[in-house]
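J.: Got a structure for you, questions after.
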Amino acid sequence: MRIDGILGVEDRDSKRCAINTARNKQKWLSRKEKWLVVLGVILHAVYMLSIFDIYFKTPIVHGMDPVPPRFVAPAKRLVLLVADGLRADKFFEPDSDSDGGYRAPFLRNIIRKQGRWGVSHARPPTESRPGHVAIIAGFYEDPSAVTKGWKANPVEFDSVFNQSRHIFSYGSPDIVPIFCGALPHSTWNTYPHEFEDFATDASFLDEWSFDQFQNLLNRSNQDPKLKQLLEQDKLVVFLHLLGCDSNGHAHKPFSSIYLNNVKVVDKIAEKVYNLMQSYFKDNQTAYIFTADHGMSDKGSHGDGHPTNTDTPLVAWGAGVGHPLPISHSDHHENTAARFIDDHLHDTATPSEWGLSGMTRLDVNQADIAPLMSTLLGLPCPVNSVGNLPLRYMNLNKAEEVEAVLANTKQILNQFLRKSQLKQSTSLFFKPFKPLASYASLLRQIEHLVSLKEYETAMKLSEHLRSLALEGLHYFQTYDWLMLMTVITLGYVGWMIYVVLHVLQSYTSLPANIFSKEQLPNPRRSTVKVHLLGGLSMGVVCTILLVEQSPPLYHAYVVMTMFLWTQIFSEYRFLKALSRYLCGKLNDYYLKLIATCIFSVIILELLVKSFTERKLYTWCFLTTGVAVAFYLFRSLPWRSGVPIFVWVACWFLSAFTLLPPQIPENTLLVVAGGLMIIAIGIILRYVELHAKDSIYWRSLAAPDSKKLKFPLLFHLQILLVGLASVLVWLSTSHRTEKRELLVLHQLMNWSIAGFSMILPLFSAAGLLPRLTSIFLGFAPPFLLLSIGYEALFYGALSLALIAWILVENAYLHISKFRLSSAQVKSMEGNFNLAHDNRCLELSDMRIPLAFMVFFNIAFFGTGNFASIASFEISSVYRFITIFSPFLMAALLIFKLLIPFILVICVFSAITKLVQIPLLGCYFLVILCSDVMTIHFFFLVRNKGSWMEIGNSISHFGIMSAQVVFVLMLFAGTNVFTKDILVRSAQQFSRKKL
C-alpha cells in the first residue's frame, strides 16, 4: 500500500510536470509567434518600399554644362503646334465627307511642297504631360512621378523653353502652366477650366489659343517693348490645341466632331503660318506640327497601342529641308531596329494616305527636342536622350557633323555626370567599360572634322552617342543587381525561417531527430552566430554609410542579414534535419520533390491569373473531374459527394468567363437570393440527418442539447428572402425615379447588420455554424449586388462546401487505410495542449486550396478596378446622397464578404482534420511570398499608368497578405473559435 501510494504520488507529479512543461512550451510558442508576425509585418513593409528605389528612381541629374552647336542658327524663331490627342491615321487618311479630299489640306500641301514629314512614336504612358516633356525636353516619363503625382513634374529639368530667349504660349490650364509658369522669360495665358465641357464641341478651345496669339501680335503694333521682344532671335511660340483630345474622349475618334476638329487644327496651322509670314516677312521662322499622343477607338489613351503612340509630325520653314521624293537609298535603316514604342523601322506607309511617293521620316518623340534646339541654334536640353533627326534639316556637311557632335556631347555629359556622382560615393566603383576611352574618341572626331572627313566623323559621333545612351542606362540600373539580390535573399530567408518555425513547432520532426541526442544549451551555442551576424551588419552598414546610400538601403541589408543570422542560429536543428533526411528512403524524396513542384506550379498559375482570369475556369474544370474521379475510386461506400464536387467546381468555373464590369440585372440578384435559400435548406437537411452516418457525424453538432434559439435557421432564411424583396423594391424605385424612403433605407441597414450577428447564436457543430455564417452574410451581399455576383456568392459557397466534403472524405479514407501500428503512431502524434495532430507533408494541400479559393474570391467577379467604375445602384439601397468615403467603404465590405467565407471554411477545416490553425497560417504566408517574389520581378516602370499601377498593386497586394490574412483570421475568429468537431484522436482510439 505504501509503495503503491508512493508510486501514485510520483505518477501524479510526473503528469503535473508534463502539463506544466506543455503550458510553458505553449506560452513560449505564443510569444515567439507574436514576434514572428511582427517581424513579418515589418519585413514586408520595408521590402515593399524597395521597388521605388529600384524601378522608380529619377533619371534626371543636374550640373551638366549646355553644349551649343558651333554654327549659325538656321532659324530665328520657332512655332510649335501641338494638337493634343491627334492620332496619325486620322490626320493623314482621306476625308470620307469630301470627294477625294483630305482633312488637313494645308499641311498636306506643306508636305508635298515645303517641308518634311513622318510619324512621331510616343512611349507609354501616352498621356499629355509625359508627351509634352518628351517633345520639349527630350526625355520620357520620369518613373519617380509614380510617387509624386502625375499632374506635375516630379523633378525640375531643362527644356527648349528654358534655353530660349523668350516663350509665348497659349492653351490648356493643365499643360501651359507646367512648362511656362516658372519661367521668367515667358508670356502665357490659359482659358478657364470651365471651358473644357465634354458636352460641347471643344474645337473652339483651339480657336481661343490662336486668337490669343493673334491679339498679341496686333497689340505689339502699339507696344514698342513687345515689338522689340518679338524681333529677338531664339524665340519660341507654343500653341497647345486641346480640341482633339476633349472631343476624342467625349465623342470617340471616329465621330464627325473629332474628324472635323482635325480640319480645325489644320486651318489654325494655316492661319498661324500666314500670320507669322505677314508679320515678320524674313523667312526665318521654323514650324513644327505634332501631337503629344493619339486616341484609342474607345476614346482613351495611356497604353502602347499604335492608335495612342503614332502621332503626326510635319516640319517646314527656316532650316528644314524640302520634300524628298522616295528612292531605294532611303531605306538605309536596319529593319530589325525598333522605335521607342517597339515598332519596326521602315514600315510601309498606308496607301490610303496618298503619300507613297514622299519620303517618310519617322522619329522617336524625344527626337523632336534636339531638332527644335538645333533649328534655333540652342543647346540641346541637358537631360535630353533624343537623337537629332538630321534628315529633317537643310544643312551642309560641316554643319551636319557639328549638329550631331553637339547632340552627342550633350548626352555624353549626362553620362559623365552620372558616372562622377556614382564614383564619388562608391567604394567599389565599376565604370562603364565601353566608354573608358571616350576622350580619345572625341579627339579623333575633332581631328576628322578639322580634316573635313565628315562621313567618318559622323559615323564615330553617332557611335559615341549610342554608347553614351547605353551608359546612361547602365548607371540608371547600377544598383539594381545589389538591391534585387538583397531583397530576393531577404524573401528567401524569410521563407526558410518560416519553414524552420513550422517544422520545429508543428511537426513531429523535433521529437524524431533529437530523441537520442543530448541537447546542448541553445543560448550558448548561438552566441557566436549572433555575434558574427551583428559584426557583419555593422561592417556592411558602415560601407553603405561611407557610400552615402539612402537610409532604406541600410534597412534592406540589415533585415536580410538579420534573417539569415536567425537561420544560421538554428544550425543544430539544420544539422540534425540533414542527418534525418539522409536516412530516408527514395520514396520520401520523391514525395517531397513532387509536393514542392506541384505547389510551385499552382502558385505560378495564381500569379498568371492576375492578368488571365480565365485560368480559374480551367483550374476548376480540371479539379472538378480529377477530384470527383479520385473520390469515386477511393470511397468505400456509394455516395453522391463525387457528383456534388464535380457540379460545384464546374458551376464556379463559369464566373471567370464573365466580364469583370458587372452589368446591372435585378433578376439575377433575386435569383441569387433564391439560390442561397435553397442551399441553406439543403444544408439544414443534411445536418438533421447527419447522425445516421459515420461519414457525416463529424460535421454535425457534437451534442444533442436543445438549441438556445431553435427558430434561428428560419429567421435567417426569412432575412435572405426579405433582402431579395428589398433589392427588387429599391431597383424599381430608382428605375421609376421615385425617392427611396428613409424607412426603406433603415430596413436595409437593419437587415444587413442584424443578419451578421445571428451566426454567433448558432449550434457549435461545423456544418450548422458554417451554414449560419453563409446565411448571415448573404443579406448584406445581396443588398450590395447589382447582377451576377449574387449567383457567384452561391457558387463560391457550393465550392467551399465541396472542399469541406473532400477533406472529410479524405479523412475517412485515411482512417480506413490505417493499420493498428499506424493508429498507435498517430495517437502519439497529437499535441496534447490543443488536441491537434502534427502537420504532415500531405497537409500542404490545405494552404494551396486556400490560396486558390482566396484568389477566386477576389477575381471571381472582377477586382478592385470595379470600385473606380461602380454603378450607383451598388450602394443605392443604403445611401442616396453622394458620400465617397461611405460608398467606398460599402463596396470594399462587399468585396470582403467572399474572403470572410473562405477564411471561415479554412478555419473549420483545420479543426476538422485536427491541425493547428497558426501552423497553416504560416504555410499560407509561405505560399503568398513565393508569389510575392515573382511579382517583385514583374513590377513595370514603362507602359501606361494603368499597367504600371497594376504591377505595383499586384506586388503590394501579395506583400500585404501577411497582415490582411491575419486580420481576417482575427475578425472571423469570433464566428469560428467555438466550432466543435469529433477529434481524429477520439475516432482512432475508440473506433479502430
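Note that Cβ sites are derived from N, Cα and C of the backbone, with glycine treated the same way.
Checked TrEMBL, it gives:
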DOMAIN    470-944  domain 'GPI ethanolamine phosphate transferase 1 C-terminal'
TRANSMEM  35-56  transmembrane segment
TRANSMEM  480-506  transmembrane segment
TRANSMEM  527-546  transmembrane segment
TRANSMEM  588-609  transmembrane segment
TRANSMEM  615-632  transmembrane segment
TRANSMEM  668-686  transmembrane segment
TRANSMEM  707-729  transmembrane segment
TRANSMEM  749-770  transmembrane segment
TRANSMEM  782-806  transmembrane segment
TRANSMEM  846-870  transmembrane segment
TRANSMEM  882-909  transmembrane segment
TRANSMEM  915-939  transmembrane segment
J.: Considering pairs 6 or more residues apart, do the transmembrane segment (588-609) and the transmembrane segment (527-546) have at least three CB pairs under 8 Å?
T.: no
J.: Does the transmembrane segment (668-686) reach the transmembrane segment (707-729), going by 3 or more CB pairs under 8 Å (6 or more apart in sequence)?
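T.: By the criterion, they touch.
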J.: Pairs 6 or more apart in sequence, C-beta under 8 angstroms, 3 or more of them: is that satisfied by the transmembrane segment (35-56) and the transmembrane segment (882-909)?
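T.: In this chain the transmembrane segment (35-56) does not contact the transmembrane segment (882-909) - fewer than 3 Cβ pairs sit under 8 Å.
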J.: Based on Cβ pairs under 8 Å, which of the stretches 480-506, 707-729, 749-770, 882-909 lies most in contact with the transmembrane segment (915-939)?
T.: 480-506
J.: Which whole-number mean pLDDT does the model give the domain 'GPI ethanolamine phosphate transferase 1 C-terminal' (470-944)?
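T.: Mean pLDDT, the domain 'GPI ethanolamine phosphate transferase 1 C-terminal' (470-944): 83.
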